[in-house]
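Here's what Swiss-Prot has on this protein:
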| type | residues | note |
| --- | --- | --- |
| DISULFID | CYS73-CYS89 | disulfide bond |
| DISULFID | CYS77-CYS91 | disulfide bond |
| DISULFID | CYS82-CYS96 | disulfide bond |
| SIGNAL | 1-9 | signal peptide |
Amino acid sequence: AAFALPAFASFEKDVITPAALEAVLNRKAPLYNIMMENDAILNVIANVKTVISNPVLEEALLKTNHGVNGIPCGESCVWIPCLTSAVGCSCKSKVCYRNSLDN
């Protein structure tokens, strides 16, 4: 039996959209005791995630048809856990989702 990975699983790194990245930065930056510049945070994230556009991720999600898992957070979790867990997302089927019923 053939096993088809979602399109984003073919990347060497997990992916994150600019909107998801901004949500993580807005949530995490106030928590640092020593304020890191956003550029430094972006460099760290860029080492573990690849920033991609929303249409690329949306196309991959449409092809895999995992819409029942919740609202996509704009990040994959094939190799690295969801950075967007800081804003309520969790990993399901290699994609970070937020349960729309959670507050």
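Even glycines carry a Cβ here, placed using N, Cα and C.
Figure note: comparing Cβ neighbours within 10 Å for the disulfide-bonded residues CYS82, CYS96, the maximum is reached by CYS96. Take the CB of CYS77 (disulfide bond) and look out to 10 A: across all protein chains shown you find 24 other CB atoms.
Between the alpha carbons (Cα) of CYS96 (disulfide bond) and CYS73 (disulfide bond) lies a span of roughly 6 Å.
Secondary structure from DSSP puts CYS89 (disulfide bond) in coil.
In this structure the C-alpha atoms belonging to CYS89 (disulfide bond) and CYS77 (disulfide bond) are separated by 11 Å. On the backbone, the CA of CYS91 (disulfide bond) and the CA of CYS82 (disulfide bond) stand 6 Å apart. Distance from the CA of CYS73 (disulfide bond) to the CA of CYS82 (disulfide bond) is 9 Å. A sphere of 10 angstroms centred on the C-beta of CYS89 (disulfide bond) encloses 26 other C-beta atoms. Just so you know, of the disulfide-bonded residues CYS73, CYS91, the Cβ with the fewest other Cβ atoms around it within 10 Å is the one at CYS91.
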